[in-house]
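Colleague: Supplied in structure tokens, the structure appears directly below.
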């Protein structure tokens, strides 16, 4: 009951839920810090208007409205400008998606980063969060450049000083943010008031132009617009005291003030005309501004309605005071420059921690703010086109109206209202960016998903992100060094569009997956709207600047892969995990349970691992071999069986064993770079556990078709025969399940993933056709860099009546059709008499087997019995050797020169317990004699055993080996001799694995046969096919 709180206390905690400030430790991690004292947080009180609507309004309306909107209208025309404002639909769709996410539960401070990361997972969240951070940082650069541009245009300073003034302004703003963020927040209302007053001044000026247009004359030479900086009168000459004198304008186009001075040809043949820059709402100028006027860099701003006389030589025009295009203009460029004017829709969600009811305020406030700003932008486009002359609209810096802001000439009561208002607005927006961006970076760093950003999670004692502020200022300086608002705007457009794209994707994924936790209070959303918004974002990215779009997507992709590769694993219940589950379910349903076509067959491995008493993996090289064989392709299941009872009274220790074992296996898989799944089963005995794994591992069509295990190398020395019995039963289980079996002998000597084997061979001994497994495995191994330099050799065995030459040709042709590069060699095995060594080997094997079956002895007694039986059988073996020495193979003759040497050989190879006994002479409570005679055996046995056991032991001394066993042993010995002779230096030897006997009474003999077959070889892989073809010559 302690872990389950009462309902009343639970409801009380939910009702009083408060969020931490942005950039502070988030609630998932905060709950884990036991003993940490939580500071009392003041209950949030902000409503929809103050908490969402006004912040969004302030962030959306900004520098582009004051400095570029008139130029966009003049360049693109009213109709195409309205098409540009289609971007408002993009932000509206994004706001709908954001509202659905924000109302799906409590959203702590963190804004879009929190929403995306918790909806799409840490990889997407980190990538998009850093893109949003970069966008916010470059927005700070844009606002600072806008501030400096207003300053320079107003005081007639040189634009070349943009970098110097911008850097100084950035340093000052960064210092303000570092010293006193609270003052920035307090001044936010002042900055907002400046924005609203400036917009009201614009509307007031528009109304005033209807009956009293302001006086802002524009001077045209022919149809070319002149920069009105260095002259006051739009005249070539004037009469003063009946004397005709030249004006200041004359001196700009002529070589001197004299009337007979040499002048520019265009100035000589064209007249000066003076137009009103603001003709007014009722002037009808709207028809002339309806369509665009794009042009290249350096194109003169001309009024095509005014007549002019063209001249042949225009080479001097660049030195004349004409108004020209400072950049090449085209529609897509204007899209990228305009988009920052509709960003800022996240301002409300970023303040979710300060809202009284975030789930109600965020949708209403954000959508109303977008609707309001959309109306403002659309009406401004139409009113600017209806009130301002086209050449003035295309004059970006107001050179034709004495350096005034073009939008300022329209305002009432004075242009300085717009100058002051826009200056403080840009300053405030810049400070807000320099305040918000470091906190966003701090939140990402404290989440721990990007390891190299950990340092930016630290700050001052009060939590202010000092290091993040320094990085933000550094990135912001890069934007300022570009020194062009028109060049910086598309950069931040990319990052914001990337962020909005993933907000729409998050909403669409959650909606389509229908996850149980997806229950937003905001109901006016649909996955189709989210996909439409996502498509619009992607289209706008490539429309505005395809190379910036590719760069932004590349940055996001690199961050995504880095987080996936190195980042901390987080489980946030994100939609991508749900999407993966749905995709996996769909794929498993589509994947037929029938076996795949031979062309698609690859070993889907079930790796049977063993662990020691401390739950540590015994043979980690088995996982290395798996990695080299699979290379991350297909299915790999690493299985293990723990002996015990799953439902036990001591539940804690039982589950601890399972979890520890799984953790250790996963650690070993990670260390060996084995990609796959871990499956640990608890069973009452190992045999049943392995049987259950072989039968039930996998799901649907994704089941294993091959089993990989290690050879039980210590089966002879083991006191428990169950170890090798379990091995043989596993062989039988795989055969019954029609699965392939791979058994690695001396697996601990196999190469690691860091090794690089030099020139060498992988030898395949193709004795029995097994469906092509023996040929496919070396090919797969050679794909890995460990085995890449190894060559493949295939040996096949020919009998006396086989045509060896024809067999080699046929095998070479078969390999050619299989597209496999391998050397082919046919080995002839002649029938020969059974050697004494083989006879003795078989006899001792059968005696040992029979003895262990018939006698239930203690360990000490069993060792003594084995020694006695071996001593008793030596004399008969010597007699047989003397009579049949001609049948001994040459490789064994050297060991038979002396009986003593032969006895040692026989004993050492077949009675490993003897060596053990020699080492442990003094270990027992009574001394064990090195020589154990028959008489001592009978004496000792009669003291502890019933008299009726005497007959069984006596029969052992008179045994004759079974002839079928002798033949099998003979085959194993001869084949081992050939393999050792040919392949002892090979890096890996692949052999057919003989099947186990049908009669379980011969299991131990089967193990002896395999031991003899593998004797003298280092790395061996026994292969047993699954009963189907796995390689084909067809395409």
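All residue numbers here begin at 1 and follow the chain in the order shown.
Cβ atoms here come from the backbone N, Cα and C positions, even for glycine.
Here's the feature list from TrEMBL:
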COMPBIAS  859-875  compositional bias 'Basic and acidic residues'
DOMAIN    52-210  domain 'Amino acid permease/ SLC12A'
DOMAIN    323-606  domain 'Amino acid permease/ SLC12A'
DOMAIN    620-743  domain 'SLC12A transporter C-terminal'
DOMAIN    746-882  domain 'SLC12A transporter C-terminal'
DOMAIN    916-1035  domain 'SLC12A transporter C-terminal'
REGION    854-903  region 'Disordered'
TRANSMEM  52-72  transmembrane segment
TRANSMEM  84-103  transmembrane segment
TRANSMEM  124-144  transmembrane segment
TRANSMEM  164-181  transmembrane segment
TRANSMEM  188-207  transmembrane segment
TRANSMEM  327-347  transmembrane segment
TRANSMEM  367-393  transmembrane segment
TRANSMEM  413-431  transmembrane segment
TRANSMEM  467-485  transmembrane segment
TRANSMEM  491-513  transmembrane segment
TRANSMEM  525-549  transmembrane segment
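Give me the local environment of each listed feature.
Modeller: In the predicted structure, the domain 'Amino acid permease/ SLC12A' (52-210) carries a mean pLDDT of 83.
Counted with DSSP, the domain 'SLC12A transporter C-terminal' (620-743) comes out as 57 helix, 26 strand, 41 coil.
Tertiary proximity for the transmembrane segment (52-72) is limited to same-chain residues at least six positions away from its ends with a CB under 8 Å from its CB atoms, namely 81, 84, 142-143, 146, 149-150, 188, 191-192, 195-196, 198-199, 334, 337-338, 340-345, 347-348, 351, 355, 361-362, 364-366, 368-370, 372-373, 376-377, 380-381, 384, 388, 392-396, 405-407, 418, 421-422, 425-426, 428-429, 432, 485-486, 489.
Tertiary neighbourhood of the transmembrane segment (84-103): same-chain residues 72, 76, 112, 115, 119, 331, 334-335, 338-339, 342-343, 345-346, 349, 352, 358-359, 362-363, 366-367, 370-371, 373-374, 377-378, 381, 500, 503-504, 506-508, 510-511, 520-522, 524-525, 529-530, 532-533, 536-537, 540, selected by CB-CB distance under 8 Å and a gap of 6+ residues from either end.
Remote same-chain residues near the transmembrane segment (188-207) are listed as 54-55, 57-58, 61-62, 65-66, 214, 281, 376, 380, 383, 387, 407, 410-413, 417-418, 420-422, 424-425, 427-429, 432 (criterion: CB distance under 8 Å, separation of at least six residues from the stretch ends).
Long-range neighbours of the transmembrane segment (327-347) within the same chain, counting only residues 6 or more positions beyond its ends whose Cβ lies under 8 Å from a Cβ of the stretch, are 52, 55-56, 58-65, 68-69, 72, 75-76, 80, 84-85, 87-88, 90-91, 94-95, 98, 111-112, 132, 135, 139, 142, 292, 294-297, 366, 369-370, 373, 377, 486, 489-490, 492-493, 496-497, 499, 540, 543-545, 548.
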Colleague: With Cβ-Cβ distances below 8 Å as the criterion, list the same-chain residues six or more beyond the ends of the transmembrane segment (124-144) that contact it, or say none.
Modeller: 62-63, 112-113, 116-118, 166, 169-170, 173, 340, 343, 346, 426-427, 429-430, 433-434, 436-437, 440-441, 443-444, 447, 449-450, 472, 475-480, 482, 485, 488-489, 491-492, 494-496, 498-499, 502, 506, 552, 555-557, 559-560, 563, 567, 572, 574, 576
Colleague: Could you tell me what the rest of the chain brings near the transmembrane segment (164-181), counting residues at least six beyond its ends with Cβ under 8 Å?
Modeller: 140-141, 144-145, 147-148, 151-152, 157, 427, 430-431, 434-435, 438, 464, 466, 469, 473, 476-477, 480, 483
